[in-house]
Amino acid sequence: MDSTVVLITGCSSGIGLHLAVRLASDRSQSFKVYATLRDLKSQGPLLEAARAQGCPPGSLEILELDVRDSESVAAARACVTEGRVDVLVCNAGRGLFGPLEAHELNAVGAVLDVNVLGTIRMLQAFLPDMKRRHSGRVLVTASVGGLMGLPFHEVYCASKFALEGLCESLAILLPLFGVHVSLIECGAVHTAFHEKLEGGPGGALERADAQTRHLFAHYQRGYEQALSEAQDPEEVTELFLTAMRAPQPALRYFSTNRFLPLARMRTEDPSGSSYVEAMHREAFSDLQVQEGAKAGAQVSGDPDTPPRALICLPECAIPRVTAELGWSASDKPGQNKSCYQQKI
């Protein structure tokens, strides 16, 4: 029987790396994996993991692919010697963290280019053949940040919300062509993402008013204490296999059910008020913003007390609403920089 040909983007670290090695080393030896990276200079950890797991010869091939470049996508597609991709995994992603007004527009555009347009470029390149063959699976690494808005992650959440709409729309159409699309909704995941977050091009915190800067600094302090609750990427990769092997795959698979109560809150109250109030309460309830404060006024409350609860985007730290609803925890965004942006 022919191997299942899988192409995965964003395999330099994290979920992409672990999924590529997990499939290539599977006992069934039924997968041929094309693990793609934006820059082949970053393939060292992937090669090391493949050797450690004993991936059989020919089970894993590493390709250069930059999801921001249609020509790069086409070149990688041409390198697939089987002439087909049975499972496409859109995993490459970029994060941006900080007050919205502090972000450079080119940093905002970079996030949207990778997370949204990059996924669209991959779909445009590989969907036509899947539809012609009446066979194929598309798995997209999604996020709790695509199901609910979170402060200081406005741009990241906007990009992930876009993926939800994109994939849900395709999920209605594609079964007519024998193709299925699934979103793997991740919570907090232990990855190297927080080590890749950087300031500089992400923006200048000084652009934000003093009150917003105070809230942001307060908000960041909860990451360290929340990191311990994050899932391991190996655990999350098994969910991808579940979606790949399901006879009739679902649109969404959740790596944790801890944030589902808030997701339900958004649908049960279409006005959005219940969710907004709950998130505001959990994120900022220990800070009392002075009524009628002038621009630059101080915010009362203990500046050394982190928010009561935090959660994390897959590979990107975000606030969480947990104390009452049981969400999962988060990654730490590395050094104390004003804004953060992930390199891919």
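Cβ from N, Cα, C; glycine included.
In Swiss-Prot this protein carries:
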{"type": "ACT_SITE", "residues": "TYR156", "note": "active site, proton acceptor"}
{"type": "BINDING", "residues": "3-32", "note": "NAD(+) binding site"}
{"type": "BINDING", "residues": "SER143", "note": "substrate binding site"}
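What Swiss-Prot annotates, mapped onto the structure for a quick look.
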residue : record                       : DSSP (3 states)
SER3    : NAD(+) binding site          : coil
CYS11   : NAD(+) binding site          : coil
LEU19   : NAD(+) binding site          : helix
ARG27   : NAD(+) binding site          : coil
SER143  : substrate binding site       : strand
TYR156  : active site, proton acceptor : helix
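Least crowded of the recorded positions (PHE31, TYR156), judged by neighbouring Cβ atoms within 10 Å of its own Cβ: PHE31. Taking the Cβ of LEU19 (NAD(+) binding site) as centre and 10 Å as the limit, one finds 30 other Cβ atoms among all the protein chains shown.
Here the Cα atom of SER143 (substrate binding site) is found 17 Å from that of CYS11 (NAD(+) binding site). Reported as a whole number, the C-alpha separation between ILE15 (NAD(+) binding site) and TYR156 (active site, proton acceptor) equals 18 Å.
When other Cβ atoms within 10 Å of the Cβ of ARG27 (NAD(+) binding site) are tallied across all protein chains shown, the result is 5. The local packing around CYS11 (NAD(+) binding site), expressed as other Cβ atoms within 10 Å of its Cβ over all shown chains, amounts to 32. Residues near LEU7 (NAD(+) binding site) in space but far in sequence (CB under 8 A, at least 6 apart, same chain), listed by position: VAL33, TYR34, THR36, ALA76, VAL80, VAL85, VAL87, LEU88, VAL89, PHE126. Cα of PHE31 (NAD(+) binding site) to Cα of TYR156 (active site, proton acceptor): a span of 32 Å.
A count of other CB atoms within 10 A of each Cβ picks out SER143 as the most crowded of the binding-site residues SER3, SER143.
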